[in-house]
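*Asks:* Handing you this structure, nothing more for now.
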């Protein structure tokens, strides 16, 4: 079965290389030297920020277990992180519009570095503080940097189409290549050099500090609505009115929350799905395979975004269909393939099928990120960009907390994921009716 892992990884790598090397002038956007310098500076900073995030991910749960905490306590820590992102992160992230996006990006670096430092303590309260800081940092990562980029891009007078190039490259590097390298580097620190499970967090803090130094030395400040007479509550009300009064913005937020909700649920589900009988699977190698599939998706997205047709709203419906089909595989294989009763061993035949489906889903994730960024740049107003983007993350964090609370209920989780994807597909048609349908479906699943 080891040959199967190498075959999937090698096949994906070959396709990604072929796509990147076969790009023609139609697939490339002619830009200026000034824009390339601006883009490369942002990509360097974004890659360092994502390295600081990816280095921590694979070792958070493992670190907590080495400190002697059980599943219940670890679950509480994870819920605290997402709850913090929903509550405190929304407030802090929204301040970026008024206090400055550059300042918010620096705040992200400082907050996440402090979160990394708390990992040196085995005390539960200190680790809880670290999770709260990490939740705030996550909200800033997924709002402040994009808000700064969009505002600075237009302030410097660059063409709007060039923005999609930066988005696709950022996902290709930050959510693909950097994720793979970070996983291998973390493995090197923990296993090869035997520096312990805290070492990836120390490395992450170093990358974040380097990125912060570049931000302070090379980025200029920009704002949303910097009116001195507008307090935070007024800012929240203005963002809520904007979302409620513009159907497309409301549906865009629902689309984002639905897809990201399925994505975070997938993070908790893929390991038990591939090894239901404690099969011995190479988690690190599979993670690298998923990230390579995401790179494939971002490479496809860069081609789609470089052309005037098809429109983002059109091909995203196809992405949702493919995503829902790929996440149906665990349910279908449980009915169509006889389950193995042997404990341990290598990955089963149904596990192989699911790995292919999950890789397809990750490719859709790679298409989703730059595409949703493009849609946000078109529909979300500049003066309240960070505030609205953090509003979008509130239902997402609620979904993830519900998933963590019901992590043992497979039927519940599968139904939630499918409802996310299917309703998101219909919402890509920008119809409010499906927002109402989604709410009804979620209420149903919460009470069954």
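Just so you know, glycine gets a Cβ as well, placed from its N, Cα and C.
Curation does not apply to TrEMBL; its annotations are automatic.
OK, TrEMBL features for this one:
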{"type": "TRANSMEM", "residues": "6-22", "note": "transmembrane segment"}
{"type": "TRANSMEM", "residues": "43-62", "note": "transmembrane segment"}
{"type": "TRANSMEM", "residues": "74-96", "note": "transmembrane segment"}
{"type": "TRANSMEM", "residues": "129-150", "note": "transmembrane segment"}
{"type": "TRANSMEM", "residues": "170-189", "note": "transmembrane segment"}
{"type": "TRANSMEM", "residues": "201-219", "note": "transmembrane segment"}
{"type": "TRANSMEM", "residues": "285-306", "note": "transmembrane segment"}
{"type": "TRANSMEM", "residues": "318-338", "note": "transmembrane segment"}
{"type": "TRANSMEM", "residues": "344-369", "note": "transmembrane segment"}
{"type": "TRANSMEM", "residues": "390-413", "note": "transmembrane segment"}
{"type": "TRANSMEM", "residues": "419-447", "note": "transmembrane segment"}
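Situate these features within the shown structure.
*Replies:* The list of residues near the transmembrane segment (6-22) in space but at least 6 beyond its ends in sequence, with Cβ under 8 angstroms from a Cβ of it, reads 285, 288-289, 292-293, 295-296, 299-300, 303, 355-356, 359.
The list of residues near the transmembrane segment (43-62) in space but at least 6 beyond its ends in sequence, with Cβ under 8 angstroms from a Cβ of it, reads 74, 105, 108-109, 112, 116, 134, 138, 141, 145, 166, 169-170, 173-175, 178-179, 181-183, 185-186, 190, 197, 200-201, 203-205, 207-208, 210-211, 214-215, 219, 283-284, 287.
Tertiary proximity for the transmembrane segment (170-189) is limited to same-chain residues at least six positions away from its ends with a CB under 8 Å from its CB atoms, namely 42-43, 46-47, 49-51, 54-55, 58-59, 195, 199-200, 203, 284, 287-288, 291-292, 294-295, 298-299, 301-302, 365-366, 369-370.
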*Asks:* Are there residues at least six beyond either end of the transmembrane segment (285-306) with Cβ under 8 Å to its Cβ atoms? List them, or say none.
*Replies:* 5, 8-9, 12-13, 15-16, 19-20, 23, 26-29, 58, 161, 164-165, 167-169, 171-172, 175-177, 179-180, 183-184, 270, 274, 312, 315, 355, 358-360, 362-371, 374
